[in-house]
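Report on one structure; see the data block that follows.
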Amino acid sequence: MAGGAFAPTSGGKEYPGKFTFRVFFTCLFAATGGLIFGYDLGISGGVTSMDVFLKDFFPDVYQKESSVKPSDDQYCKFDSQILTLFTSSLYLAALVSSIGASMATRTYGRRPTMMTSGLLFAAGAIVNGLAKNVVMLIVGRLLLGFGIGCANQSVPIYLSEVAPYKYRGALNMMFQLFITIGILIANSLNYAFARLIGGDMAWRLSLGGAIVPGLIILLGSCFLPDTPNSEIERGNYERAKDLLLKLRDVDNVDEEFNDLVEASEKAKLVKHAWLNIFKRKYRPQLVFAFCIPMFQQLTGMNVIVFYAPVLFKTIGFGSNASLLSSLITGFVNMVATFVSIFTVDKLGRRKLFLMGGTQMLICQVVITIAIAMKFGVSGNPGVISGTYAGAVVAFICVYVAGFAWSWGPLGWLVPSEIFPLEVRSAAQSINVSVNMIFTFVIAQIFTAMLCHLKFGLFICFAVCVVIMSIFIYKLLPETKGVPIEEMTIVWRNHPHWSKYFDEDDAQFEASKPKDIASA
């Protein structure tokens, strides 16, 4: 498996290019943008399970949670729309900012948008760390959301455009890797602060600590170049070619450069990307820009990430024990992501989607049965043994691993690589927006769904996994090893999607300029 991470793949046009330390470190620093998303995913659930935080900001929830006896309905003790709004408000802000960020990435470049994301996230961390009331908490969450929207818009595109096409999958997935690292760091800090410090300082340090990943992406972006695509898009042809020569570490990049210039010239003919993206010829990719992020959230993974401490507390763990359990799943999440990095350019996207979906489905069925047997519909578990609770955690870990090497990283990789340049920024904005919409919905309604559906909530997610796996099997073409500027060919040759391309679209390969390399 170790040889698969950067194994060359075939398909489409063959551009010369090497896997170099320059490319690796450029993508590595850019991928740190995933830290801010991951840190927030991990920190919010842990903070909302801290008694002192609930007592300060959500006393009604604290009273209900602290008064629940083993004989009471455990499913409903955290059911509060105000509490979930603290978590979910961020994703509405991210949705809004991703739309503005799509125009910024096209007009000003990918790098400035990444810098803006770090600045906004750091500002939100300061406001949350100093919060005196719920209003300050929500304002801080909105600033964090603006930062996440900018990062999720710009970083996946940056990685896909900088990486040589043979290694695009592995390098793009470093974004997801840093999301999981952010989650793990957040879980570790929640556990350490709650156990070693306690009091108000525990949650203030957890929330305020978000300034660190914000500054990392802000300062890291200052030392990064923009992408060759972005430089060409803004008319900087000579700078783009010099950058491409450095990134590919070969003497001649004329063919790839000419194709990038041609794509940019076509993109300039598209004045309104947001209107053009709904044209028939972009319909196949648009379906996946909507469905993949939607299905990514409907796996139920973010329920585990957001509310792992709350969920574990609900199924019988104490406060610190629930934080420890979420720390364990965070570690599994990070380690399993490496499986995807080492195999995506070898096995391909489709196989990982389907294999991960199967693994998640099996685990969801087992977890549903385990919770149903112990809690039933009454929510009264009686005495839960450590062995029983440990077994539930084990299957949750296997479920998390299945997501971490399939739908997690692929949910960002595939939408960022399938669109032509002229609509790429708008398409990524749609991808981020849909992701944020469904993240918001899941975050907002999870505790209510758990209260009313009981263990049936996990059955709903299992059904979604079946549907999305069939969707991938039937409709997603394999995009491994295909240069990003040649991706349209894959869709035009697909038996289902070929009908969306007319004769004019078939001219995709025609009339390529031969003399632009000297521009």
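Glycine is treated like the rest: Cβ placed from N, Cα and C.
Annotated features in TrEMBL:
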TRANSMEM  19-39  transmembrane segment
DOMAIN    26-480  domain 'Major facilitator superfamily (MFS) profile'
TRANSMEM  82-101  transmembrane segment
TRANSMEM  113-131  transmembrane segment
TRANSMEM  137-159  transmembrane segment
TRANSMEM  171-193  transmembrane segment
TRANSMEM  205-224  transmembrane segment
TRANSMEM  286-310  transmembrane segment
TRANSMEM  322-345  transmembrane segment
TRANSMEM  352-375  transmembrane segment
TRANSMEM  387-408  transmembrane segment
TRANSMEM  429-449  transmembrane segment
TRANSMEM  455-476  transmembrane segment
* Do the transmembrane segment (171-193) and the transmembrane segment (82-101) come together with 3 or more C-beta pairs under 8 Å, pairs six or more apart in sequence? -> no
* Structure fact -> Beyond a gap of at least 6 residues from its ends, the CB atoms lying under 8 Å from the transmembrane segment (387-408) belong to 176, 179-180, 295-296, 299, 301, 304, 312, 315-317, 325, 328-329, 332-337, 339-340, 343, 352-353, 355-360, 363-364, 366-367, 370-371, 374, 468
* Would you confirm whether the transmembrane segment (205-224) and the transmembrane segment (352-375) meet the contact rule of 3 or more C-beta pairs below 8 angstroms, pairs 6 or more apart in sequence? => no
* Result, the transmembrane segment (352-375) in contact with the transmembrane segment (455-476) (3+ CB pairs under 8 Å) -> yes
* Structure fact -> One stretch in 82-101, 137-159, 352-375, 429-449 has more Cβ pairs under 8 Å to the transmembrane segment (322-345) than the rest, namely 352-375
* To do: Mind checking which residues of the chain, 6+ beyond the ends of the transmembrane segment (19-39), have their Cβ under 8 Å from one of its Cβ atoms?
  => 6, 114, 117-118, 121, 144, 147-148, 151-152, 154-155, 158-159, 162-164, 166-167, 171-172, 174-186, 209-210, 213-214, 216-217, 220-221, 223-225, 246-247, 249
* To do: Please indicate, using numbers and ranges, the residues of the same chain that are 6 or more beyond the transmembrane segment (137-159) and have a C-beta under 8 Å from a C-beta there.
  => 27, 30-31, 33-34, 36-37, 40, 57, 85-86, 89-98, 100-102, 104-105, 110-111, 113-114, 116-129, 131, 168, 171-172, 174-175, 207, 210, 214, 217, 227, 412-413, 415-416, 424-425, 428-429, 432, 435-436
